[in-house]
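Student: After the C-alpha coordinates below, expect a handful of questions from me.
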Amino acid sequence: MKQLMLYCRSGFEKECAGEIQDKATQLEVYGFPRVKKNSGYVVFECYQDGDADKLAKGLDFSALIFARQMFAVAAEFEALPSDDRISPILAELSEIEAFPRCGDLRIETPDTNEAKELLKFCRKFTVPMRQAMRGKGLMWNKDNAKKPVLHICFVAPGHCYVGYSYPGNNSQFFMGIPRLKFPSDAPSRSTLKLEEAFHVFIPREEWDERLAPGMWGVDLGACPGGWTYQLVKRSMFVHCVDNGMMADSLMETGQIKHHMVDGFKFEPDRKNVTWIVCDMVEKPARVAHLMGQWLLKGWAKEAIFNLKLPMKGRYDEVLQDLENLKMFLIENKVKFKLQAKHLYHDREEITIHIQCLSNISPH
(Lines of atoms letter the chains of each structure in order from A and count residues from 1; the text may use other names and numbers.)
(Lines give C-alpha, C1' and ligand atoms only; values in the text may rest on other atoms or scores of the structure.)
Protein backbone atom coordinates (compact mmCIF):
# COMPACT_ATOMS: atom_id res chain seq x y z
CA MET A 1 0.00 0.00 0.00
CA LYS A 2 1.54 3.24 -1.19
CA GLN A 3 -1.26 5.82 -0.99
CA LEU A 4 -2.66 7.85 1.90
CA MET A 5 -5.99 9.63 1.38
CA LEU A 6 -6.67 12.89 3.22
CA TYR A 7 -9.93 14.85 3.20
CA CYS A 8 -9.81 18.65 3.53
CA ARG A 9 -11.89 21.76 2.86
CA SER A 10 -12.26 22.54 -0.83
CA GLY A 11 -9.68 25.19 -1.72
CA PHE A 12 -7.22 24.10 0.97
CA GLU A 13 -5.67 21.18 -0.91
CA LYS A 14 -2.34 23.03 -1.22
CA GLU A 15 -2.10 23.52 2.55
CA CYS A 16 -3.10 19.92 3.25
CA ALA A 17 -0.48 18.72 0.74
CA GLY A 18 2.28 20.85 2.25
CA GLU A 19 1.46 19.59 5.70
CA ILE A 20 1.40 15.87 4.84
CA GLN A 21 4.69 16.30 2.95
CA ASP A 22 6.31 17.80 6.05
CA LYS A 23 4.84 15.28 8.50
CA ALA A 24 5.73 12.28 6.32
CA THR A 25 9.32 13.49 5.93
CA GLN A 26 9.61 13.81 9.73
CA LEU A 27 8.68 10.10 9.94
CA GLU A 28 11.22 9.30 7.18
CA VAL A 29 8.44 8.37 4.79
CA TYR A 30 9.13 9.77 1.35
CA GLY A 31 6.75 10.49 -1.49
CA PHE A 32 4.74 13.29 -3.06
CA PRO A 33 1.17 14.62 -2.85
CA ARG A 34 -1.26 14.49 -5.76
CA VAL A 35 -3.37 17.64 -5.69
CA LYS A 36 -6.46 18.51 -7.71
CA LYS A 37 -7.63 22.07 -7.07
CA ASN A 38 -10.96 22.40 -5.20
CA SER A 39 -11.37 18.59 -5.06
CA GLY A 40 -11.62 18.43 -1.26
CA TYR A 41 -8.94 15.75 -0.94
CA VAL A 42 -5.23 15.00 -1.35
CA VAL A 43 -3.61 11.64 -2.14
CA PHE A 44 -0.07 11.22 -0.83
CA GLU A 45 1.92 8.78 -2.97
CA CYS A 46 4.59 6.94 -0.99
CA TYR A 47 7.66 5.57 -2.77
CA GLN A 48 7.87 2.43 -0.60
CA ASP A 49 5.18 -0.23 -0.40
CA GLY A 50 3.72 -0.41 3.10
CA ASP A 51 4.55 3.20 3.95
CA ALA A 52 0.90 4.27 3.67
CA ASP A 53 0.08 1.90 6.53
CA LYS A 54 3.06 3.29 8.45
CA LEU A 55 1.59 6.79 8.12
CA ALA A 56 -1.97 5.71 8.93
CA LYS A 57 -0.68 4.08 12.11
CA GLY A 58 2.24 6.28 13.14
CA LEU A 59 1.33 9.80 12.04
CA ASP A 60 -0.63 11.44 14.86
CA PHE A 61 -3.89 12.46 13.20
CA SER A 62 -4.61 15.04 15.89
CA ALA A 63 -1.38 16.81 14.90
CA LEU A 64 -2.69 17.46 11.37
CA ILE A 65 -4.26 20.90 10.99
CA PHE A 66 -5.78 20.81 7.51
CA ALA A 67 -6.81 17.14 7.18
CA ARG A 68 -10.33 16.16 8.26
CA GLN A 69 -9.70 12.44 7.82
CA MET A 70 -6.90 10.15 6.70
CA PHE A 71 -6.79 6.51 5.67
CA ALA A 72 -4.41 4.10 3.97
CA VAL A 73 -5.58 3.29 0.45
CA ALA A 74 -5.63 -0.41 -0.41
CA ALA A 75 -7.16 -0.08 -3.87
CA GLU A 76 -8.45 2.48 -6.36
CA PHE A 77 -11.28 1.67 -8.75
CA GLU A 78 -11.69 4.11 -11.63
CA ALA A 79 -14.58 2.47 -13.51
CA LEU A 80 -16.74 0.19 -11.37
CA PRO A 81 -19.52 -1.40 -13.45
CA SER A 82 -22.90 0.14 -12.64
CA ASP A 83 -24.62 -3.25 -12.54
CA ASP A 84 -22.22 -4.73 -9.92
CA ARG A 85 -19.99 -2.43 -7.90
CA ILE A 86 -19.57 -4.86 -5.00
CA SER A 87 -17.85 -7.86 -6.62
CA PRO A 88 -14.73 -6.05 -7.93
CA ILE A 89 -14.12 -4.46 -4.52
CA LEU A 90 -14.54 -7.78 -2.68
CA ALA A 91 -12.28 -9.59 -5.12
CA GLU A 92 -9.51 -7.00 -4.83
CA LEU A 93 -9.59 -6.75 -1.02
CA SER A 94 -9.67 -10.53 -0.61
CA GLU A 95 -6.30 -10.69 -2.38
CA ILE A 96 -4.64 -8.22 0.01
CA GLU A 97 -3.18 -10.20 2.92
CA ALA A 98 -2.35 -7.12 4.99
CA PHE A 99 -5.88 -5.69 4.84
CA PRO A 100 -7.21 -5.61 8.42
CA ARG A 101 -10.57 -6.94 9.50
CA CYS A 102 -12.67 -3.85 10.12
CA GLY A 103 -15.32 -2.96 12.68
CA ASP A 104 -17.09 -0.16 10.82
CA LEU A 105 -17.84 0.89 7.24
CA ARG A 106 -18.07 4.45 5.96
CA ILE A 107 -18.98 5.09 2.33
CA GLU A 108 -18.18 8.76 1.84
CA THR A 109 -17.40 11.51 -0.64
CA PRO A 110 -15.18 14.58 -0.49
CA ASP A 111 -16.94 17.71 0.78
CA THR A 112 -17.65 19.39 -2.57
CA ASN A 113 -20.99 20.14 -4.21
CA GLU A 114 -20.18 17.81 -7.11
CA ALA A 115 -19.07 14.87 -4.98
CA LYS A 116 -21.88 15.27 -2.45
CA GLU A 117 -24.39 14.52 -5.21
CA LEU A 118 -23.20 10.92 -4.75
CA LEU A 119 -24.16 10.79 -1.06
CA LYS A 120 -27.66 9.45 -1.74
CA PHE A 121 -26.09 6.55 -3.63
CA CYS A 122 -23.52 6.07 -0.84
CA ARG A 123 -26.28 5.67 1.74
CA LYS A 124 -28.11 3.08 -0.38
CA PHE A 125 -24.86 1.25 -1.12
CA THR A 126 -23.77 0.97 2.52
CA VAL A 127 -26.07 -1.85 3.72
CA PRO A 128 -25.44 -4.32 0.85
CA MET A 129 -21.72 -3.50 0.91
CA ARG A 130 -21.52 -4.11 4.65
CA GLN A 131 -23.34 -7.44 4.33
CA ALA A 132 -21.01 -8.52 1.53
CA MET A 133 -17.90 -7.48 3.49
CA ARG A 134 -19.04 -9.45 6.52
CA GLY A 135 -19.84 -12.44 4.36
CA LYS A 136 -16.25 -12.42 3.07
CA GLY A 137 -14.80 -12.00 6.56
CA LEU A 138 -13.43 -8.55 5.75
CA MET A 139 -15.53 -7.04 8.54
CA TRP A 140 -16.59 -8.24 11.99
CA ASN A 141 -20.19 -9.41 12.26
CA LYS A 142 -21.01 -6.55 14.62
CA ASP A 143 -19.85 -2.94 14.63
CA ASN A 144 -16.74 -2.60 16.78
CA ALA A 145 -15.30 0.86 17.49
CA LYS A 146 -12.02 -0.69 18.69
CA LYS A 147 -11.28 -2.13 15.23
CA PRO A 148 -10.14 -0.32 12.06
CA VAL A 149 -12.66 1.61 9.97
CA LEU A 150 -13.17 0.58 6.34
CA HIS A 151 -13.47 3.62 4.09
CA ILE A 152 -14.85 3.74 0.55
CA CYS A 153 -14.55 7.26 -0.85
CA PHE A 154 -16.34 7.98 -4.13
CA VAL A 155 -14.77 10.95 -5.91
CA ALA A 156 -16.93 10.45 -9.03
CA PRO A 157 -19.55 7.93 -10.23
CA GLY A 158 -17.82 4.53 -10.40
CA HIS A 159 -14.52 6.00 -9.18
CA CYS A 160 -13.56 5.29 -5.57
CA TYR A 161 -10.66 4.79 -3.18
CA VAL A 162 -10.94 1.90 -0.71
CA GLY A 163 -8.87 1.66 2.45
CA TYR A 164 -8.84 1.76 6.23
CA SER A 165 -8.03 3.96 9.20
CA TYR A 166 -7.02 3.00 12.71
CA PRO A 167 -9.23 3.61 15.77
CA GLY A 168 -7.89 6.39 17.95
CA ASN A 169 -5.93 7.84 15.03
CA ASN A 170 -8.71 9.05 12.78
CA SER A 171 -11.73 11.30 12.86
CA GLN A 172 -14.68 9.71 14.61
CA PHE A 173 -17.04 11.59 12.29
CA PHE A 174 -18.49 10.57 8.90
CA MET A 175 -16.50 12.44 6.20
CA GLY A 176 -14.53 13.94 9.09
CA ILE A 177 -17.37 16.39 9.74
CA PRO A 178 -19.26 16.62 13.06
CA ARG A 179 -22.99 17.01 12.42
CA LEU A 180 -24.02 19.95 14.60
CA LYS A 181 -27.40 21.64 14.58
CA PHE A 182 -27.55 25.43 14.74
CA PRO A 183 -29.42 26.42 17.92
CA SER A 184 -32.35 28.68 17.01
CA ASP A 185 -31.71 30.96 20.00
CA ALA A 186 -27.98 31.50 19.29
CA PRO A 187 -27.03 35.08 18.28
CA SER A 188 -24.86 34.04 15.31
CA ARG A 189 -23.72 31.00 13.34
CA SER A 190 -20.21 31.45 14.72
CA THR A 191 -21.46 29.55 17.77
CA LEU A 192 -20.96 26.31 15.82
CA LYS A 193 -17.21 26.98 15.57
CA LEU A 194 -16.76 26.85 19.33
CA GLU A 195 -19.10 23.89 19.72
CA GLU A 196 -17.13 21.97 17.08
CA ALA A 197 -13.88 22.93 18.82
CA PHE A 198 -15.15 21.38 22.05
CA HIS A 199 -15.98 18.15 20.17
CA VAL A 200 -12.59 18.03 18.42
CA PHE A 201 -10.23 19.17 21.19
CA ILE A 202 -11.77 17.98 24.45
CA PRO A 203 -12.60 14.28 25.04
CA ARG A 204 -16.30 13.91 25.75
CA GLU A 205 -15.63 12.09 29.01
CA GLU A 206 -13.79 15.21 30.29
CA TRP A 207 -16.53 17.73 29.51
CA ASP A 208 -18.10 17.57 32.98
CA GLU A 209 -14.75 18.48 34.54
CA ARG A 210 -13.31 20.95 32.03
CA LEU A 211 -16.55 22.61 30.85
CA ALA A 212 -18.24 22.62 34.23
CA PRO A 213 -21.22 24.72 35.36
CA GLY A 214 -20.21 27.69 37.50
CA MET A 215 -16.86 28.25 35.78
CA TRP A 216 -15.86 31.73 34.65
CA GLY A 217 -14.81 32.46 31.08
CA VAL A 218 -13.71 35.50 29.07
CA ASP A 219 -14.81 36.09 25.47
CA LEU A 220 -12.67 38.63 23.61
CA GLY A 221 -14.43 40.09 20.58
CA ALA A 222 -17.67 38.67 21.91
CA CYS A 223 -20.31 40.69 20.00
CA PRO A 224 -23.06 39.61 19.30
CA GLY A 225 -22.37 36.53 21.43
CA GLY A 226 -22.04 33.39 19.31
CA TRP A 227 -19.13 32.01 21.34
CA THR A 228 -20.47 33.35 24.64
CA TYR A 229 -23.67 31.38 23.95
CA GLN A 230 -21.74 28.09 24.13
CA LEU A 231 -20.36 28.96 27.57
CA VAL A 232 -23.66 30.30 28.89
CA LYS A 233 -25.60 27.21 27.82
CA ARG A 234 -23.10 25.17 29.85
CA SER A 235 -24.08 27.31 32.88
CA MET A 236 -20.82 29.26 32.96
CA PHE A 237 -20.38 32.95 33.76
CA VAL A 238 -18.71 35.09 31.10
CA HIS A 239 -16.88 38.40 30.84
CA CYS A 240 -17.84 39.59 27.33
CA VAL A 241 -15.31 42.06 25.94
CA ASP A 242 -16.41 44.04 22.88
CA ASN A 243 -17.28 47.63 21.99
CA GLY A 244 -20.34 46.35 20.13
CA MET A 245 -23.68 45.32 21.56
CA MET A 246 -24.39 41.87 22.97
CA ALA A 247 -27.59 39.98 22.18
CA ASP A 248 -30.40 40.82 24.62
CA SER A 249 -31.12 37.12 25.08
CA LEU A 250 -27.66 36.64 26.60
CA MET A 251 -27.80 39.79 28.73
CA GLU A 252 -31.07 38.58 30.22
CA THR A 253 -29.51 35.35 31.52
CA GLY A 254 -27.68 37.22 34.28
CA GLN A 255 -24.59 35.10 33.50
CA ILE A 256 -22.57 37.68 31.58
CA LYS A 257 -20.80 40.95 32.29
CA HIS A 258 -20.31 43.21 29.26
CA HIS A 259 -17.07 45.21 29.13
CA MET A 260 -17.01 47.79 26.30
CA VAL A 261 -13.22 47.94 25.98
CA ASP A 262 -10.48 46.87 23.57
CA GLY A 263 -9.86 43.11 23.76
CA PHE A 264 -6.09 43.69 23.74
CA LYS A 265 -6.28 45.93 26.82
CA PHE A 266 -8.78 44.04 28.98
CA GLU A 267 -7.50 42.52 32.23
CA PRO A 268 -9.79 40.32 34.34
CA ASP A 269 -10.40 41.47 37.90
CA ARG A 270 -11.30 37.95 38.98
CA LYS A 271 -8.64 35.34 39.73
CA ASN A 272 -10.75 32.29 38.95
CA VAL A 273 -11.12 32.44 35.15
CA THR A 274 -10.82 29.00 33.55
CA TRP A 275 -11.52 29.75 29.88
CA ILE A 276 -10.40 32.45 27.48
CA VAL A 277 -12.02 32.31 24.02
CA CYS A 278 -11.30 34.73 21.21
CA ASP A 279 -12.63 35.21 17.67
CA MET A 280 -11.28 38.67 16.81
CA VAL A 281 -10.57 39.79 13.25
CA GLU A 282 -6.96 40.78 13.85
CA LYS A 283 -3.52 39.82 12.57
CA PRO A 284 -2.95 36.17 13.56
CA ALA A 285 0.50 36.78 15.07
CA ARG A 286 -0.96 39.45 17.36
CA VAL A 287 -3.81 37.23 18.56
CA ALA A 288 -1.48 34.26 19.15
CA HIS A 289 0.86 36.41 21.26
CA LEU A 290 -2.08 37.78 23.27
CA MET A 291 -3.26 34.26 24.10
CA GLY A 292 0.27 33.32 25.17
CA GLN A 293 0.30 36.32 27.52
CA TRP A 294 -3.01 35.29 29.10
CA LEU A 295 -1.68 31.82 29.91
CA LEU A 296 1.71 33.10 31.11
CA LYS A 297 0.03 35.53 33.52
CA GLY A 298 -2.23 32.81 34.85
CA TRP A 299 -5.33 34.71 33.75
CA ALA A 300 -6.85 31.53 32.25
CA LYS A 301 -6.17 27.80 32.25
CA GLU A 302 -7.45 26.93 28.77
CA ALA A 303 -7.80 28.91 25.56
CA ILE A 304 -9.63 28.42 22.28
CA PHE A 305 -9.06 31.07 19.64
CA ASN A 306 -9.14 31.63 15.90
CA LEU A 307 -6.26 32.80 13.73
CA LYS A 308 -7.43 34.54 10.55
CA LEU A 309 -5.36 33.44 7.55
CA PRO A 310 -3.92 35.64 4.79
CA MET A 311 -4.93 35.16 1.14
CA LYS A 312 -1.48 33.83 0.24
CA GLY A 313 1.07 31.80 2.16
CA ARG A 314 -1.55 30.41 4.55
CA TYR A 315 0.40 27.30 5.57
CA ASP A 316 3.62 29.25 6.16
CA GLU A 317 1.72 31.81 8.27
CA VAL A 318 0.23 29.04 10.41
CA LEU A 319 3.61 27.36 10.96
CA GLN A 320 5.27 30.65 11.89
CA ASP A 321 2.55 31.77 14.31
CA LEU A 322 2.35 28.41 16.06
CA GLU A 323 6.13 28.11 16.33
CA ASN A 324 6.41 31.61 17.82
CA LEU A 325 3.65 30.84 20.33
CA LYS A 326 5.23 27.55 21.37
CA MET A 327 8.66 29.14 21.78
CA PHE A 328 7.17 31.99 23.85
CA LEU A 329 5.58 29.51 26.26
CA ILE A 330 8.62 27.21 26.38
CA GLU A 331 11.04 30.10 27.04
CA ASN A 332 8.81 31.19 29.92
CA LYS A 333 8.74 27.63 31.28
CA VAL A 334 5.00 27.19 30.75
CA LYS A 335 3.99 23.56 30.27
CA PHE A 336 1.15 23.19 27.79
CA LYS A 337 -0.74 21.03 25.33
CA LEU A 338 -1.51 22.67 21.98
CA GLN A 339 -3.78 21.48 19.18
CA ALA A 340 -4.77 23.25 15.97
CA LYS A 341 -7.42 22.37 13.40
CA HIS A 342 -9.04 23.82 10.31
CA LEU A 343 -12.55 23.01 11.51
CA TYR A 344 -15.54 22.36 9.27
CA HIS A 345 -17.13 25.61 10.47
CA ASP A 346 -13.91 27.57 9.91
CA ARG A 347 -13.33 29.26 6.59
CA GLU A 348 -10.27 31.46 6.08
CA GLU A 349 -9.07 30.70 9.61
CA ILE A 350 -7.90 27.92 11.89
CA THR A 351 -8.85 27.20 15.49
CA ILE A 352 -6.27 26.67 18.26
CA HIS A 353 -6.71 25.05 21.66
CA ILE A 354 -4.13 25.38 24.43
CA GLN A 355 -4.40 23.73 27.82
CA CYS A 356 -1.97 25.13 30.39
CA LEU A 357 -0.42 22.26 32.37
CA SER A 358 1.54 24.52 34.73
CA ASN A 359 -0.01 25.72 37.97
CA ILE A 360 0.36 29.49 37.54
CA SER A 361 -1.06 31.92 40.08
CA PRO A 362 -2.74 34.93 38.39
CA HIS A 363 -0.52 38.02 38.46
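In case you wondered, yes, glycine gets a Cβ from its N, Cα and C as well.
Where the annotation comes from TrEMBL, it is an automatic prediction and has not been curated.
Got these off TrEMBL a minute ago, pasting:
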- Lys308: active site, proton acceptor (ACT_SITE)
- Ser190, Cys223, Pro224, Gly225, Gly226, Asp242, Asp262, Asp279: S-adenosyl-L-methionine binding site (BINDING)
- 1-71: domain 'RlmM ferredoxin-like' (DOMAIN)
- 84-166: domain 'Ribosomal RNA large subunit methyltransferase M THUMP-like' (DOMAIN)
- 188-282: domain 'Ribosomal RNA methyltransferase FtsJ' (DOMAIN)
Student: Once the DSSP letters are reduced so that anything not helix or strand counts as coil, what is Asp279 (S-adenosyl-L-methionine binding site)?
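Tutor: Its secondary structure by DSSP: coil.
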Student: For Gly226 (S-adenosyl-L-methionine binding site), just count the other CB atoms lying within 10 A of its CB, please.
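Tutor: Step by step: centre on the Cβ of Gly226 (S-adenosyl-L-methionine binding site), count other Cβ atoms within 10 Å, giving 23.
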Student: Test of understanding: give the count of other CB atoms lying within 10 angstroms of the CB of Cys223 (S-adenosyl-L-methionine binding site).
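Tutor: Within a 10 Å radius of the Cβ of Cys223 (S-adenosyl-L-methionine binding site) lie 19 other Cβ atoms.
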Student: Let me know the model's mean pLDDT on the domain 'Ribosomal RNA methyltransferase FtsJ' (188-282).
Tutor: 96
Student: Report, as a single number, how many Cβ atoms besides its own are within 10 Å of the Cβ of the residue listed as 'active site, proton acceptor'.
Tutor: 17
Student: Checking the contact step here: among the binding-site residues Gly225, Gly226, Asp242, Asp262, Asp279, which have a Cα within 10 Å of the Cα of the residue listed as 'active site, proton acceptor'?
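Tutor: Taking Gly225, Gly226, Asp242, Asp262, Asp279 one by one, the ones whose Cα falls within 10 Å of the residue listed as 'active site, proton acceptor' are Asp279.
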Student: Around Gly225 (S-adenosyl-L-methionine binding site), how many other CB atoms lie within 10 A of its CB?
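Tutor: Result for Gly225 (S-adenosyl-L-methionine binding site): 29 neighbouring Cβ atoms inside 10 Å.
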Student: Within 10 Å of the Cβ of Asp262 (S-adenosyl-L-methionine binding site), how many other Cβ atoms are there?
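Tutor: A count of 13.
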Student: Under a criterion of Cβ-Cβ distance under 8 Å and sequence separation of at least 6, what residues of the same chain contact Ser190 (S-adenosyl-L-methionine binding site)?
Tutor: Gly226, Trp227, Asp279, His345
Student: Per DSSP, what is the residue count of the domain 'RlmM ferredoxin-like' (1-71) in each of helix, strand and coil?
Tutor: 25 helix, 19 strand, 27 coil
